[in-house]
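Enquirer: Structure provided below as structure tokens; questions to follow.
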Ligand code: ADP
Ligand code: ZN
Ligand code: ZN
């Protein structure tokens with residue numbers, strides 16, 4: 001009897017491919033093991049075994065596999081089932097899911113590039129002959145394709161060999177070329193060496209009695225030392241003594257105090273970590289915890305709706321603890337950008353070394369390590385904190401999934417496929433494991449709240465901030481009025497300016513929010529009105545002052561700022577609108593004494609760049625932080641008393657049915673950064689339109705009203721959650737062809753599906769990277785079978801693909817487009 005193996009190739013092809021295998025291989029193989037297979041003329045891929053059978057493929061002669069790469073499944077049954085669900089639901093191929101789910105170290109292929117790991121200590125004697133050949137070749141040539149390695153060792157299949165070299169740390173894959181490790185530096189102080197001597201110390205205190213401020217600092221240092229044996233951060237001393245950094249600096253300059261740095265590794269905790277904290281919930285948290293536990297008896301999913309700073313994390317921790325006690329793994333999902341050391345630290349101090357972190361910015365090795373720990377159900381990975389890709393880890397025994405900040409739209413992957421929503425995929429994953437799932441937010445998405453109201457999900461709420469801290473006091477500032485009365489300093493109303501000044505005087509910190517980066521989004525000629533556009537996209541170029549460049553935020557195109565108008569030559573160019581960079585510049589003029597930091601896409605590119613800014617702000621090395629929506633994400637700063645929103649209108653006017661919901665969420669979240677300790681925080685929202693209902697709802701913290709109104713609108717205009725939406729985007733470089741093709745597609749959909757097709761329509765940015773874009777929206781009612789609709793769409797796609805003139809047109813599906 002012949003034996004065959006179906007495999008999933010990590011490429012966007014619909015079907016499985018069949019290879020020939022021997023009886024022994026058939027006996028050994030299991031779904032989820034990797035095999036090296038030849039593909040096409042000369043390619044080698046790592047593929048995933050799917051099933052063994054004895055039916056020869058009809059359409060082609062099955063080739064033999066090269067080799068089995070694993071001893072046992074790398075991917076378990078839960079994962080395969082989940083990945084198939086993702087492929088089916090989000091209309092992509094299983095291969096695309098595999099490609100995005102597995103760390104690339106597991107998917108070596110003939111085109112993969114490898115290079116020498118410069119940091120590795122290689123003992124040449126440890127290398128086998130073929131390994132040594134590769135090692136040596138890489139001394140002369142910086143990168144090698146795996147295909148080339150085949151030539152060097154004169155073997156067809158070298159994936160096992162390269163796998164071994166990767167495992168030994170001798171070689172790295174090309175993508176891995178980013179910073180491996182940047183330690184965080186924290187500044188600490190101690191008493192100068194000299195004063196460890198008693199008499200010297202007495203003399204010093206005597207001498208200082210004439211400088212009360214300095215003596216206060218030294219006494220405070222003693223008090224802090226008495227409280228704990230730990231090193232004392234400068235920031236703590238500053239707070240304890242109530243004196244300024246200048247006073248401390250003076251003492252350091254006089255060698256009375258000594259400043260030193262400790263490298264604290266934020267990610268790796270090498271030493272045995274002993275959990276040191278115990279958490280007791282306050283009555284509101286305890287109630288929420290009980291409500292959730294109670295609701296789990298009826299529904300597997302619960303929504304935790306707790307205002308900002310209500311202490312949702314502590315409730316999650318208790319839930320995780322409960323799940324651990326039952327011997328089950330827990331997954332804690334966060335939006336990519338919110339993945340901060342603050343949270344990791346909190347969980348580590350509670351659960352010690354049981355916490356693992358999984359994140360796309362981590363190196364391949366770190367990711368492989370976490371993967372293996374989860375697979376082996378090792379003690380080191382009982383709790384995984386991660387961004388959306390951690391959904392793909394080999395959990396075998398999941399008891400709880402937490403989705404924090406569940407309203408965040410960055411949970412949805414836009415590009416490439418699978419274009420999945422991590423919250424929704426998490427709920428499905430949990431259900432496969434019969435695990436509980438808790439969604440948490442201060443501003444739940446309309447979808448989740450709707451599910452809670454319809455009793456599909458359990459529901460718990462916390463209305464009070466932890467420690468009886470008051471909700472921030474939110475005020476709207478009418479800048480139309482202020483502009484008319486000429487009461488603006490640049491982009492700052494008098495009210496906001498004064499508030500910033502006051503906060504600084506009090507030694508408190510300020511966050512300023514502006515949802516655009518760069519200096520000015522539009523450069524316009526005052527003579528002919530020409531606006532400088534991106535040559536590849538349908539958008540204006542944004543001016544970045546720091547580089548004196550115009551940049552496209554869609555494709556990355558950039559050019560130097562021109563001297564005059566490109567259309568008429570006139571030298572007078574006007575900068576319209578403003579971004580974070582401009583605010584930072586204005587602050588330098590308005591508050592020359594203040595330290596101003598900025599957090600946006602431009603300042604957070606490196607691996608730890610985001611963390612560094614957060615740390616610096618935490619340590620109060622900055623007085624003001626200007627940022628885009630990045631500053632809204634669940635950060636917990638203690639000393640921020642004022643949050644200013646530079647302009648709320650650009651959020652509200654975004655052309656999208658979700659713009660209002662999102663504005664509410666973003667403004668409430670950023671407002672929530674203010675006053676997280678005793679003193680009541682203050683929030684000022686500048687707007688031209690202070691009567692806007694969303695702004696009113698933000699000021700009164702009226703989530704229910706917002707929900708009611710938005711829900712009503714969605715009902716009226718048929719948007720989710722009342723219907724489902726599949727967005728189909730067609731792309732082509734040829735404008736006319738795109739129009740024709742999308743018209744063809746829309747009419748075919750119309751014929752089959754009837755009323756529910758909208759478009760084709762140009763999106764607000766109708767051309768990106770030289771591709772023209774057109775969208776077709778397919779709305780289906782909740783009662784309709786979504787899989788039937790998808791099948792119909794797929795059938796139409798088949799006919800479409802058969803039309804040769806549309807060959808170049810690309811199709812992108814986005815299910816539950818958000
Ligand atoms: P949320 O995520 O709801 O905005 P956090 O979980 O960040 O709020 O909690 C806000 C602050 O209150 C944090 O600094 C946290 O350490 C503290 N906190 C919350 N609950 C407790 C508790 N039960 N015991 C001690 N500290 C708590
Ligand atoms: Zn001009
Ligand atoms: Zn562009």
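For all residues, glycine too, the Cβ spot is worked out from N, Cα and C.
So TrEMBL lists these for the protein:
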- 525, 528, 565, 568: Zn(2+) 1 binding site (BINDING)
- 534, 537, 552, 555: Zn(2+) 2 binding site (BINDING)
- 293-462: domain 'Helicase ATP-binding' (DOMAIN)
- 560-734: domain 'Helicase C-terminal' (DOMAIN)
Enquirer: On a simple 10 Å Cβ count over all chains shown, which one of the binding-site residues 552, 555, 568 is most densely packed?
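Expert: By the 10 Å Cβ neighbour count, 552 comes out on top.
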Enquirer: Among the binding-site residues listed here (534, 537, 552, 555), which has the Cα closest to the Cα of residue 525 (Zn(2+) 1 binding site)?
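Expert: Nearest by Cα distance to residue 525 (Zn(2+) 1 binding site): 534.
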Enquirer: Which of 525, 528, 534, 537, 565 (the binding-site residues) has the most other Cβ atoms within 10 Å?
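Expert: Per the Cβ count, the most surrounded site is 534.
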Enquirer: Mean pLDDT over the domain 'Helicase C-terminal' (560-734): what is the value?
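Expert: Average per-residue pLDDT within the domain 'Helicase C-terminal' (560-734): 91.
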Enquirer: Can you check what DSSP calls residue 525 (Zn(2+) 1 binding site), collapsed to helix, strand or coil?
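Expert: In the DSSP reduction, residue 525 (Zn(2+) 1 binding site) maps to strand.
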Enquirer: Spatially speaking, which of the binding-site residues 528, 565, 568 is closest to residue 534 (Zn(2+) 2 binding site)? Use C-alpha to C-alpha, please.
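Expert: Checked the binding-site residues 528, 565, 568; minimum Cα distance to residue 534 (Zn(2+) 2 binding site) goes to 565.
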Enquirer: Roughly how many Å lie between the Cα atoms of residue 565 (Zn(2+) 1 binding site) and residue 552 (Zn(2+) 2 binding site), rounded to a whole value?
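Expert: Roughly 18 Å, rounded to the nearest whole number.
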Enquirer: Reported as an integer number of Å, what is the Cα distance between residue 528 (Zn(2+) 1 binding site) and residue 537 (Zn(2+) 2 binding site)?
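Expert: Between the Cα atoms of residue 528 (Zn(2+) 1 binding site) and residue 537 (Zn(2+) 2 binding site), the distance comes to 21 Å.
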Enquirer: Residues near the Zn(2+) 1 site, 525, 528, 565, 568 excluded, by Cβ within 8 Å of the Cβ center?
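Expert: For the Zn(2+) 1 site, the extra neighbours are 526, 527, 529, 530, 564, 566, 567, 569, 570.
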Enquirer: Once the DSSP letters are reduced so that anything not helix or strand counts as coil, what is residue 568 (Zn(2+) 1 binding site)?
Expert: coil
Enquirer: Cβ within 8 angstroms of the Cβ centroid of 534, 537, 552, 555: which residues besides those meet this for the Zn(2+) 2 site?
Expert: 535, 536, 539, 541, 553, 554, 556, 557, 768, 769
Enquirer: Provide the three-state secondary structure of residue 537 (Zn(2+) 2 binding site) computed with DSSP.
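Expert: Going by the DSSP assignment, residue 537 (Zn(2+) 2 binding site) belongs to neither helix nor strand, so it counts as coil.
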Enquirer: Out of 525, 528, 534, 537, which binding-site residues have CB atoms lying under 6 Å from ligand 3?
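Expert: Those binding-site residues that pass the cut-off, since their Cβ is under 6 Å from ligand 3, are 534, 537.
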Enquirer: Filter the binding-site residues 525, 528, 555, 565, 568 down to those with CB closer than 6 A to an atom of ligand 2; keep them in sequence order.
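Expert: Only 525, 528, 565, 568 qualify.
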Enquirer: Of 537, 552, 555, which binding-site residues come within 10 Å of residue 568 (Zn(2+) 1 binding site), going by C-alpha to C-alpha distance?
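Expert: Of everything listed, nothing lies within 10 Å of residue 568 (Zn(2+) 1 binding site) (Cα to Cα).
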